[in-house]
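A.B. asks: Okay, handing you the structure first.
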Amino acid sequence: MARLLPPTGTDVFRPLTLESLAEIDRRMAEEAAEQERMKEQNVKVAEEDLPKPTSDLEAGKVLPFIYGDPPPNLLNVPIEELDPYYKAQKTFIVIDKKNTIYRFNTEPACYCLSPFNPVRRAAIRILIHSLFSLVIMLTILTNCVFMAMSDPPGWSKILEYVFTGIYTFEAMVKVLSRGFCIGDFTFLRDPWNWLDFMVISMAYLTEFVDLGNISALRTFRVLRALKTITVIPGLKTIVGALIQSVKKLADVMILTVFCLSVFALIGLQLFMGNLRQKCVLWPPVGWYSDNLTVLSNYTDINGNGTANSTFDYQKYINSEENYYYVPGQMDPLVCGNSSDAGLCPEGYICLKAGRNPNYGYTSYDNFGWAFLALFRLMTQDFWENLFQLTLRAAGKTYMIFFVVIIFLGSFYLINLILAVVAMAYAEQNEATAAEAKEKEEEYAKIMEQLKKQAEQKNGMVNGSKTSLSSKKKGDNDQMQSDYDGIALKPLSKSNGSKGNINYLEVPDSQIRKPSVVSAVESALDAQEDIERPCPPGWYKFADIFLKWDCCIPWVKFKRIVYLFVMDPFVDLGITLCIVLNTVFMAMEHYPMSVHVEEVLAIGNLVFTGIFAAEMVLKLIALDPYYYFQVGWNIFDSIIVTMSLVELMLADVEGLSVLRSFRLMRVFKLAKSWPTLNMLIKIIGNSVGALGNLTLVLAIIVFIFAVVGMQLFGKSYTDSVCKISSDCELPRWHMADFFHAFLIIFRVLCGEWIETMWDCMEVAGQGMCIIVFMMVMVIGNLVVLNLFLALLLSSFSGDNLSASDDDGENNLQIAISRITRGIDWIKAFVNKHVRQCLNLKPKEEGAKVNGEGDAKMNAIMNSSSSMVKVPIANGESDDDDGNGSSEDEDDEGRDINMKKKNGDESSTCSTVDKPPEVEDLVEEEEEDLTSPEDCYTENCIRRCPCLDLDVSQGKGKAWWNFRKTCFAIVEHSYFETFIIFMILLSSGALAFEDIYIEQRRMIKIILEYADQVFTYVFVVEMLLKWVAYGFKVYFTNAWCWLDFLIVDVSLISLTANILGYSELGAIKSLRTLRALRPLRALSRFEGMRVVVVNALVGAIPSIFNVLLVCLIFWLIFSIMGVNLFAGKFYYCFNETSEEVFDHNVVNNKTDCYELMEFHPEVRWMNGKINFDNVGMGYLALLQVATFKGWMDIMYSAVDSRAIESQPVYEANLYMYIYFVIFIIFGSFFTLNLFIGVIIDNFNQQKAKLGGTDIFMTEEQKKYYNAMKKLGSKKPQKPIPRPTNCCQGLVFDFVTQQFFDIFIMVMICLNMVTMMVETDDQSAEIEEILFYINFAFIILFTGECVLKITALRYHYFSIGWNIFDFVVVILSILGIGLADLIEKYFVSPTLFRVIRLARIGRVLRLIRGAKGIRTLLFALMMSLPALFNIGLLLFLIMFIFSIFGMSNFAYVKKEVGIDDMMNFETFGNSIICMFMITTSAGWDGLLAPILNSPPDCDPDVDNPGSTTRGNCGNAAVGIVFFCSYIVMSFLVVVNMYIAIILENFNVATEESSDPLCEDDFEMFYETWEKFDPTASQFIDYNRLSEFCDTLKDPLRIPKPNTLKLITMDIPMVTGDKIHCLDLLLALTGEVLGGSDQMDGMKATMEEKFMANNPSKASYEPITSTLKRKQEEVAASTIQRAYRSHILKRCVKQASYMYRDKTGSKKPTGEAPEKVGMIAENMRSLYGDQAVEDDHPVGCSFSQHGKTQFGAKRPPVKVQSDVVLHSAPFPVPESSTAADNLRESIV
């Protein structure tokens, strides 16, 4: 805290002097000495304790206000450091006029310019001047404009030199002021300056050195656009976030590339060469022999059998004239030779010839092209084309391949990228918010500190000051008084979250005032300034001219106007006018009669008048001053002004754009429509946050557009004939900047492959792939996902609360008034009618019921409930808890719910929430043990005969009958039977295709089956009626569904019996049988969970967003109608299939003249057009899903005037309309669906207490098992064989190295497979065969070795069985390759399967943790994804059946052909699967939109009684739009929600210090120490075990003390249990915490459940206790020994004196009896001294020799002498095992 307090006094800012430099040197020397001292003393400082720079004093930040203003003479000159961190570093700062801090190095710049050098000072002044950066910015922008010119003027070369000169000058200034690269804060130490350096170097390099390809090098100039990032401050941070997210994407990228490689290999093996199969015209007669045997050398054979080589077979089949082309297609028709592949027309044969489709770039012929195809499939770009080509060439069964890749690659991996980007963004947001909060607290503390200082300084005078400032604070709660009484706005919530920290930006002039009075004045001034941001003159002007309070009559008039114009009814009227105006605008269409046009024009005038009047009245009522303070009023005034301007300029040509401003009126609805308001807010918030991101995106788009133009522009113009038949530039090219920009924008929309093919064809493959991939990855995957992440974050929390004003809006008040009025009239009429009819008896009842009801209704209907009801705990008025934060209340609410269970809810409460559907279902399932009442109480009251006595007679019989029915219905067999019947009846629908008429037998069977199913379902329904009663049956949503479907079947069955089956109405009713599979929903728990919990819950919010999207799109649709209605028509020649040139036919009149003489000429309209708002919506849906949007855009861009022939790119800038719509209509609104679903998903989760809502109980168990595998128990390791050779093999194969070696071999095997190509030579094929053979031998060897070593245990491991099967299949594959390939799939596929083994090796690589997390997230998502997949299949099934019954006979053109159609169930499913990702639906819809003369309603369909090949346009549009909304927007987005959720969970899991792999590793190590799997190891092996573990659980040696302190429980026999040890080690890693205790408990429980044996081994001690016992014992021992020793010495001394007689001992001997006395006696005995020199240890003491006693016996010596002295402390070298137990 103290570090932020500036030094008090006036000397905060000190100029830099020579003394300052000396001081810095002194401090540096001190610091170096201190570090040296710490190094010597081995003192380590934790990283977080190291000093850090103060964030507020970083270079580029504004000086904190706390420092006050620097004196003017110290601005723009070097001054001493303010940041304590840099005090001991060679730096100084410079502060400019705006108080921005710049930091420089004190070392001489370029070795010669010291900080005092005038040149350097001048450079510094220039560098920090605001004009300098402005000039540079303008230079960059001007340079960008010139770079974007495709054909710059001649003098631009001179400008180029000027730009280079300015950049050089900038760099020179930076180098002179900062120094070049040595030391901190020099020029090259800032990575952004590297960019400048490169740009300038390249400019000089290309100028003076001839480097060949100049255009490629000139593209480096584009990097100058990046310099904008260095100049605009906010951009650096967003680029930082982008770089962060790219770093985080590394793992996803690796996983994606790996998966794509695997899929590409599979594609390579399955489809290599297939796409070259084409329909070739049968060769001329006579090229083959009579018996049709083709000779191998393909020579022509004449009639008599002699070979004739004039016919060149290769040339014939490679000639493009001999191929079959579908009209309008560039490539020949692809075909296949399998039974379910595409067939050729009559007279053609399917052969492999020529090149691949799309210039030869779409193929699986080698790994590179296969990888590109799979990447395209994963990004879903034009994948329907690849899908159709592959199915046509290989067969429909291969749809499975695409299903797997779309679900795994496209839905999973691409969304993982979104998840990672969203997480990176969220993390950054949190960090910013946390930093802001921290600063806020810090500054609050500083304020306190300064306040205290000020108080101490000012003494008693302070009293008056504080009272004044506190009074001020009382007046305005928004203010905080600081230390000088200066009012400061606290950080608002929004500011905090966005990181705009404004609390530093208080006018600095008011800081550190000398006197108290002036301090108070300054506080008041500051307050005024904050409230009134404009100069004072403005306020005087406003008071005079903008506040109209001139005289009393006027004021009274104003008040009347105010009462009128602010009345809720007027608001209601205006809202209705807005709606009506919108309807009027939406009524415009083409062709429109003059009368309608007049009505609409008058309507527009009326509405404009109404809105203008409203504005004028509000201006009068509120005064302009207050009127323009409200955002909505400003919005209104702009629109009204624009409308009036438009009316004035109505006749001016080209200003029709002003008409579109009227459309903005629709947004006024947001005032009273919370969801629309919320959406606009979210877009507003996002646009705020997206400001910088949009700039970055714009820079990226600009750079790539210029790069494309510079690199490929010339190639497009030179090689245009390769991609265009008429050698004219196509629509998508890079020859000029605008078209290059459009191509880059198209790539950002996800459509890159088609433009890339063109680029590769004209400019070569390498460069195009690099540029397009960079745009795709950087632009589309990263930046656009960041957009989405921002949108999702806008959804969170605050923004979702309803409108700002918590009160209700005027509209609700008006409506509640109306409803109350109606209720009052009803009651009044009712009362008078009863009086007239003299209904006396019911009068009181009428009073009670009539008025009571009316009142009650009024209460119920008025949105603000008048009645205040005490609500029981656990209830709430609305879902979001009245705007109170849910987080706080959730827990309490849960507890209350559990306690009360709803018992205390107030009976009369009008706000009780009705139980939700799911609750009802649950209750019925659980509570019904016997039948309930058949009828409701009201029914029984009305018809008393229904109330039977069930205790006797008929009533009892009826009750028993009901109970029997109930038992039947509730029986599990009954349910299973019904499910079986539902599946059968649904399956039967799939057979009713176009061939049913030809299969009479199947048709008859189906008719009878249909009757049977109907009877079964009717019986089921009747049984349920009897069993459950009507009340229960008809209050259950699922039963209603059953009821309606059974009704449909009954009606169609009855019609068949009566012979009305061909009636149109009955036919359309029969199509509703397609809904039958829906009944399966209620029966399959998995799907019901998804549908009820997730979908039904989301429907209101999805519907809301859908409505808002429709309103949003309505604006664009009406605008489209204004711009393009009637302009999409063209004159067309049906014979040549060409559009006439505008020089031949200019307009409709010319075309009709031609038509008189040429019947093949037609004046046609585009099928998708903007002739009315409805068609406009359809067109916009195609644009938003990027399907069919090209044709719409081409028509728009070519359009001229109504009924005029289109001209190529006549209206080029209409592209901008579509660009704007794509940004707002597609990026924003479609992504809102994801936002809403995720948000709803989280709300549902919160309701259910955080459990996963997409899973059943069973699946949750699986999920939890996946989440924590901590309950593993030790396994018995495979015993090592006793045989010596086997033992060696065993040691070899169980090495980790062996595993990794095999993995490397698998990868090498894959690499050799990648080398395969379709057109490889025979030698390469042979080499590859032998390499593969070698690998098979190697893997077989591995298999044999493992079986030898592991014996029968080999087959107890799943992976080994997998390896074994692959090896067997590989061996078989070599021998029976041809046979397997003929009947099954290519045997090489088995090799690809081996790649699955790489999953095993991930565990061994610590670096692969991120990838393991991603795979873990996938595993966790599987159960929920399976349920959603089921639901998706159900929707696909229903729509397929529906499509078959409606569109089976549609004319085959555009997207419908012999493979893609609705003729059979299989084909329908393929089509529906394709549309799931919204791919190709425009092509399928186009033929359905046909009407005569484009189709023939009377044409015969062979083999069927149905006539005609026209579709029903209305049904088609509803069919496709509803399917796209359901599957593409809802179900697929649920996938995204789940993946985001599980990715977050998995990331949390993996960020835990311990993961599953660590537990696995623990148990693997345990197996080696506990071969019998007894779950125990000896205490003496504990140290070695802990050392053997891997991090983070490892405790390296020496670890004895550490293990002792860990207090690990021990059982009898000095053994330690694995769980106890694991818990102790886990505690060591996680640190002691509550979390740890919880974990211990759960692990104990899990382990107990798995291993009941542990209970019998109760711990009796622990490592710590054992040590404490040992220490205690040795301490007692030592004390006792010391005591004994003392007594021994005493006794010895006594006896010595006694024996030697040196001095007669006085008194008795200390020890007469006992051990010491006996031992002493045996030591000395009773004899006299035998000689003068007794044996013993003699030693010199004070120069005299002391004589020892006679040598004692050995036993006594050891017992007394050795045991009675404390041992010396052993040396550290002593081995632990040799230590005596008495050593401590």
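Backbone N, Cα and C atoms are what each Cβ position is placed from, and that goes for glycine too.
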A.B. asks: Swiss-Prot tags one of Asn308, Asn462, Asn799, Asn1133 as N-linked glycosylation site; which one?
C.D. replies: Asn1133
A.B. asks: Looking at the disulfide bonds in Swiss-Prot, identify which of Cys1109, Cys1151 pairs up with Cys1131.
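C.D. replies: Record-based pairing for Cys1131: Cys1151.
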A.B. asks: Of the residues Asn213, Asn861, which is given the N-linked glycosylation site tag by Swiss-Prot?
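C.D. replies: The residue tagged N-linked glycosylation site by Swiss-Prot is Asn213.
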A.B. asks: Which residue, chosen from Asn495, Asn882, Asn1147, is annotated N-linked glycosylation site in Swiss-Prot?
C.D. replies: Asn1147
A.B. asks: Among Cys727, Cys749, which cysteine is annotated in Swiss-Prot as forming a disulphide with Cys721?
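C.D. replies: Checking Swiss-Prot, the candidate bonded to Cys721 through a disulfide is Cys727.
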A.B. asks: If we trust Swiss-Prot, are Gly240 and Gly1443 on matching sides of the membrane?
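C.D. replies: According to Swiss-Prot, Gly1443 sits on the opposite side from Gly240.
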A.B. asks: Could you check which of 420-436, 1389-1405, 1610-1626 is flagged in Swiss-Prot as transmembrane segment?
C.D. replies: 1389-1405
A.B. asks: Going by Cα-Cα distance, which of the disulfide-bonded residues (Cys344, Cys350, Cys721, Cys759, Cys1510) sits nearest to Cys1131 (disulfide bond)?
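C.D. replies: Closest by Cα distance to Cys1131 (disulfide bond) among the disulfide-bonded residues Cys344, Cys350, Cys721, Cys759, Cys1510: Cys1510.
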A.B. asks: Is the number of Cβ-Cβ pairs under 8 Å between the transmembrane segment (1102-1121) and the transmembrane segment (569-587) three or more, considering only pairs separated by 6 or more positions?
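C.D. replies: Yes; at least 3 Cβ pairs under 8 Å.
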A.B. asks: Cys1151 (disulfide bond) has how many other Cβ neighbours within 10 Å of its own Cβ?
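C.D. replies: A count of 22.
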A.B. asks: Return the residue, from the listed disulfide-bonded residues Cys350, Cys1131, Cys1510, with the maximum count of other C-beta atoms within 10 angstroms of its C-beta.
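C.D. replies: Selected residue: Cys1131.
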A.B. asks: Any idea which of the disulfide-bonded residues Cys279, Cys727 has the thinnest Cβ neighbourhood at 10 Å?
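C.D. replies: Relative to the other disulfide-bonded residues in Cys279, Cys727, Cys727 has the fewest Cβ atoms within 10 Å.
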A.B. asks: Could you check what DSSP calls Cys768 (disulfide bond) once collapsed to helix, strand or coil?
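C.D. replies: The residue in question, Cys768 (disulfide bond), is helix (DSSP, three-state).
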A.B. asks: Averaged across the domain 'IQ' (1669-1698), what pLDDT does the model get? Just tell me the whole number, please.
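C.D. replies: Summarising the domain 'IQ' (1669-1698) by its mean pLDDT gives 85.
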A.B. asks: Given the disulfide-bonded residues Cys279, Cys721, Cys759, which one's Cα is the least distant from that of Cys350 (disulfide bond)?
C.D. replies: Cys279
A.B. asks: Could you tally the C-beta atoms, other than its own, that fall within 10 angstroms of the C-beta of Cys759 (disulfide bond)?
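C.D. replies: 27, counting other Cβ atoms within 10 Å of Cys759 (disulfide bond).
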A.B. asks: Taking only the disulfide-bonded residues Cys279, Cys335, Cys721, Cys727, Cys1510, which one has a CA atom nearest to the CA atom of Cys759 (disulfide bond)?
C.D. replies: Cys721
A.B. asks: Taking the Cα atoms as reference points, how far is Cys344 (disulfide bond) from Cys1151 (disulfide bond) in Å?
C.D. replies: 38
A.B. asks: For Cys1495 (disulfide bond), what residues in its own chain, 6 or more apart in sequence, show a Cβ-Cβ distance under 8 Å?
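C.D. replies: Spatial neighbours, sequence-distant, of Cys1495 (disulfide bond): Val1450, Lys1451, Pro1487, Gly1508, Asn1509, Cys1510, Gly1511.
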A.B. asks: Here are the disulfide-bonded residues: Cys335, Cys344, Cys721, Cys768. Which has the lowest count of other Cβ atoms within 10 Å?
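C.D. replies: Cys721, out of the disulfide-bonded residues Cys335, Cys344, Cys721, Cys768, has the fewest neighbouring Cβ atoms within 10 Å.
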A.B. asks: Using DSSP, how many residues of the domain 'IQ' (1669-1698) fall into helix, strand and coil, respectively?
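C.D. replies: Going through the domain 'IQ' (1669-1698) residue by residue, I get 30 helix, 0 strand, 0 coil.
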